[in-house]
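Below is one structure, written out as structure tokens; the observations come after it.
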Amino acid sequence: MSFLIDSSIMITSQILFFGFGWLFFMRQLFKDYEVRQYVVQVIFSVTFAFSCTMFELIIFEILGVLNSSSRYFHWKLNLCVILLILVFMVPFYIGYFIVSNIQLLHKQRLLFSCLLWLTFMYFFWKLGDPFPILSPKHGILSIEQLISRVGVIGVTLMALLSGFGAVNCPYTYMSYFLRNVTDTDILALERRLLQTMDMIISKKKRMAVARRTMFQRGDVQNKPSGLWGMLKSVTASAPGSENLTLIQQEVDALEELSRQLFLETADLYATKERIEYSKTFKGKYFNFLGYFFSIYCVWKIFMATINIVLDRVGKTDPVTRGIEITVNYLGIQFDVKFWSQHISFILVGIIIVTSIRGLLITLTKFFYAISSSKSSNVIVLLLAQIMGMYFVSSVLLIRMSMPPEYRTIITEVLGELQFNFYHRWFDVIFLVSALSSILFLYLAHKQAPEKHMAP
């Protein structure tokens, strides 16, 4: 009876998650498109529902909600479904919609979709060869084979985003990195833009006058037809007329310059607005957050470097370790185990909420940046694939943030994976991403003033 009640709770929560994913799809991703493929919408919503259910099961594990056997069953069921979606269903439909957009392959789209899926499976399976991600005793058809490979892709994605975010967040929030932009700088750049536009108009007038002169002399009517005529009209000019090709090249160069000047002007206006915003109370608050994240970024890079150099992975969750250090330093009586469980629950909850929110915001921006009416179905399926892999790998990494007694069922469900490898791999990719982001932002910040203030 308890199993039925527990299952009804899980099914109800999954329906709610599915509904939220459906609304997000309709209200955010596809609100500007008339053509909707319901199979894409269902796949996206189901992926979102089962991804959120994994985080729900982590919270239930900490709180002791549901029977232990029920939680284990739903862990297994949820993991099997999400892997079925990520490895079989989503890649197949991505290939199907890609082939459907190619007219030559439209009649044989099912065959070519299967070929694309088999190609994906080959490279997906070969992905596990270079990495020590499995215990040697696992069979080729075991569920651990799929989890391990999905985990590598997801952890790599998480580390790249985390490394860039750890550097970009303080760079964005802190007023220290803002360039000093004045009204004089903006006016000077606008003057250059107006001068460039005047030059473009002047040269286009010269081209129009030259074409009119050629027409009046009968050059247009008498010029040879065909390919040779086209080449001659471009490369040769009538006697007494302007060289239209040369003027057109100058116009193209000036138009490209005008586009750059326009973008630089808009950037200066945005920077000036940020300077004004930084003087407000909310701006000062975000400036403080920027300093906090700067410290966190330096600490994270330092710890990642130490972990890589010493080849170590923490055995104790960060909350318990931090409380133990504080208690030993202050020399006070404190129930470390009791409070570490409650604080870990709050920390895990914050990580889960911020992960879901941050990923949805990123997915929305990414979708609007690259989607079109023809590619939108493929893009949504790619986002569903990224989302599912991201959440599966989050479970792999969030395990270390939990006290040891709560890690047991996750370890049992995920199998005998090499968890230490994933944490070391995350540190390596995070460090590379963070250092690359620092170098990129440094060069961009150093070059920007020179570019804007050039005469």
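In case you wondered, yes, glycine gets a Cβ from its N, Cα and C as well.
Some features that Swiss-Prot has for this protein:
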type     : residues : note
CARBOHYD : ASN180   : N-linked glycosylation site
TRANSMEM : 5-25     : transmembrane segment
TRANSMEM : 46-66    : transmembrane segment
TRANSMEM : 79-99    : transmembrane segment
TRANSMEM : 114-134  : transmembrane segment
TRANSMEM : 150-170  : transmembrane segment
TRANSMEM : 288-308  : transmembrane segment
TRANSMEM : 343-363  : transmembrane segment
TRANSMEM : 378-398  : transmembrane segment
TRANSMEM : 425-445  : transmembrane segment
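Against the transmembrane segment (378-398), the recorded stretches 5-25, 114-134, 150-170, 288-308 differ in Cβ pairs under 8 Å, and the greatest number is found for 150-170. Note: the stretches the transmembrane segment (79-99) and the transmembrane segment (5-25) are not in contact (fewer than 3 CB pairs below 8 A, sequence gap of 6 or more). Of the recorded ranges 5-25, 150-170, 288-308, the transmembrane segment (425-445) has the largest number of C-beta contacts under 8 angstroms with 150-170. Within its own chain, the transmembrane segment (5-25) has Cβ neighbours under 8 Å at 41, 44-50, 52-53, 56, 66-67, 70-71, 74, 360, 380, counting only residues six or more beyond its boundaries.
Look at the residue listed as 'N-linked glycosylation site': DSSP puts it in coil.
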